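The compositional bias 'Basic and acidic residues' annotation in TrEMBL covers 767-781. Annotation comment: TrEMBL describes 51-152 as domain 'Nose resistant-to-fluoxetine protein N-terminal'. The feature region 'Disordered' is assigned by TrEMBL to 762-781. The signal peptide annotation in TrEMBL covers 1-20. What TrEMBL lists as transmembrane segment is 217-239, 323-348, 369-389, 434-454, 461-484, 511-529, 541-565, 585-609, 621-640, 652-673.
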Amino acid sequence: MKYSKETIFLLVFTIKYIYAGVNDTQVFDQSTEAILLNVLARPLIFDKGASTDCQRDSEIYQKALRSYESWALQMYDSSVKIPSGIITGNYKQLGNYDECLRVKSVQGFHGKACSAKISFKISPNNRSDDNTKDIGDLFVAVALASGIRNRTSGNTAPYQWLWCVPSSCDSTAVFHALEAGLNPLKRENRINLLINITNADCSTEQSNRPIFYLADWIYISVIIFFVAIIIGSTIYDLVQHSVIEKPDPKDFKHTILTSFSLYSNGKSLLNTKKTDDTISCLDGLRFLSICWIIYGHTYYMKVVGVQMDLTHVATMHEIWTNLFILNGNIVTDTFFLLSGILLTYSELGRKQRQPSEYRLNIIMLYLHRYLRLTPAYAVVIGFYATLFYKIGNGPQWNTWVGSNRDYCINNWWTNLLYINNYVHVSKMCMSQSWYLSVDMQLAWISPIFLYPLISLGIKHIVSIILLSLGLILSVLAPLLITYIEGLTGTMLYYKEQADVANVYLKIYTRVYARAGPYIVGLIFGYLLRQLHNKTIKISRVVAFCGWIFAITAGLAVVFGPRGMYFADHKYDSIEAAFYAGFHRITFALSVGWIVIATVVNFAGPVGAFLSWSGWMPLGKLTYSAYLTHYIVLLYNVGVVRTPGNLTTYESVHAFLGNLGLTLFLSVILYLAFEIPFMRIDRILTRGQLWQHFIAGSYKPNINVFGSGESTNEIFKAFDDVSPSAISQSSDSVFAVYTNEIANDDNIYHSVIVDKHDRPMINNSKSFEQKSKLHTHKDEEN
């Protein structure tokens, strides 16, 4: 590596200043400034806890540095120096990671980049007669300079500093060298020191070379296997279309062999056809909600990443619009609401089409739900546990990507059992996956509310009691826990971190705190079906009042915690408990009204915007985007080398880049795993294959997520519809024909098309005759 004259001059000047009149055995001035200068401006001195090779190579390095040998200058240049920007939040000095790894000494050892985290615990200074300033006073002064007025004690931020050391030195040697250098800063009953460094925090060029273990090869083999299936399925599909103008959708073999076809699945993804049964605004809501989530996570990862200036973070709440970031976690309740809506809406639709045959099969409900969510989920978990760690490096790589790899290796089973929001929560594989567990657990308890709602109606006393009880418990649980435990009303991110952790562990990830929006969704799904059937109507006065409530309540929920962020805010347990108990249900009611208003054409430009057909392909990618977006975020924060600037422009710029890469990965995951397994699930759960496995009386007409509306299910692109159900109404025929998975290659036996590929409806037969006809065809096939 070549240096400019100016660089050489600065390095030599610094080295001369540091070593002026000093040798390795001298006792340094024990002032705070001198101690910090010795640690941050001089090469580490290895003695206690270091191997013989490490001590020898360290001495060689220091002698070579005094002689201005180029490799030694590189090693010194790439290490941390007296940092700038500490007052503004630049706590992470990462040196020059890549320069360190390129160091090659003439004696044979290489550069090793070791990143240590150092924090101090400051106790109040009770020595009124002592005017000596210590590092505790320095940290208090730094806090005051950065705008924090009420801190005189507590834990400091973890300072992360990188040193370039000889490759023969390990993390233990670095730990003891730092401990020896910084120990003079400690004061009994006043200042304590915590140093955290492991071998995983040290990197060399050799250690960064990926090593593949058995689990890695198994995962690679599985991926290659599916790639081969996808290629074969696509080729078969294209050949069939070239030989046969329209392959027979009744052909079971054709249906199986084209399940992984990129051609058919790609057409399915891009299909924007809607049916009369479609709730047209849901795709827009889904995609905008996932964008809100990704933006919030992007901003969070930038804050906890490496930034030069974080002083404005502590005053973000002063700008009203920043509450969309600070309180953005509320948007996840939109997905719980939509899940509940579509479950009830689709089940009522199926019952309406086949009233004499319909029944709710709980076993199939659970099985269908598991098969829908798990395949793509398992693929991403496998990527976290195997290959993810091998595709990058950096001083922050192990902190972020390495820890997530370890969590997935050890706790993957809690994810696949959907219990990771209760088991090993602090070491959760895929930190966003708590949502999937809550969603699955809500599906487990849904029959309690769904069965009476569908069988007896919403006005029946049993339905009223169960729904009311569910809503009351979903309010009381977070309300009482918040009040009793003295928690904040929601996660106040840059207040006390212990409070944030307690809210996350005891409320945020728990099913009882999220059941409210889901139950609201079940109720709204029932109302939407009645509105669709025109059994109830909404007047303009009701619509006006609904919009007033939705806007007022929605904004109140988003901006409600603003006052809690101010330094002079006095904690009120009743205020916190009230917000914790009611804000999620209130937000769900607000969003639910938007859905209803759109359906009944009282949403104006808002409804037109959300109902734009262009949202449909993006809405289908929502689940895959939720699974993959943290891969992009973790990669970005893991490979960072230098501090950035946290500005609105930079955060928006990062969000757009993250969104683009997330959608790219989502398309791959969707086409390769999500939609193919959905097609297979449809085949497995639609009829004969499960008839004897589940029960002899089981008929292929019950699945919790059926109907033409299933294309808008929150994390499911389509759902089961039996052939007999398809034939029972012209709407059903059209729904299946235009279903996103069907396209031109409809997999159902009972759809009839004319020469223009339009659905033909035979009105000459009665409802019962058509039902019998297609049931007979099902038995034959």
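Glycine residues also receive a Cβ, built from the backbone N, Cα and C atoms like all the rest.
Highlighted: of the candidate stretches 434-454, 541-565, 621-640, 652-673, 434-454 has the greatest count of Cβ pairs under 8 Å to the transmembrane segment (511-529). Just going by CB pairs under 8 A, the stretch in 369-389, 461-484, 541-565, 621-640, 652-673 that sits most against the transmembrane segment (585-609) is 541-565. Taking pairs at least six residues apart, the transmembrane segment (217-239) and the transmembrane segment (369-389) share three or more Cβ pairs below 8 Å and count as touching.
Confidence in the domain 'Nose resistant-to-fluoxetine protein N-terminal' (51-152), given as mean pLDDT, stands at 85. Taking Cβ pairs closer than 8 Å, the transmembrane segment (652-673) reaches residues 226-227, 230, 260, 262, 265-266, 269, 291, 294-295, 298-299, 302, 375-376, 379-380, 618, 620-621, 623-625, 627-629, 631-633, 636, 717 in its own chain, all 6 or more past its ends.
Residue counts for the domain 'Nose resistant-to-fluoxetine protein N-terminal' (51-152) under DSSP (helix as H, G, I; strand as E, B; rest coil) come to 39 helix, 16 strand, 47 coil. Within its own chain, the transmembrane segment (323-348) has Cβ neighbours under 8 Å at 279, 282, 285-286, 289, 292-293, 295-296, 299, 316-317, 360, 435, 438-439, 442-443, 446, 450, 453-454, 490-493, 508, 514, 517-526, 528-529, 557-562, 565, 583-584, 587-588, 591-592, 595, 704-707, 709-710, 712-715, 719, counting only residues six or more beyond its boundaries.
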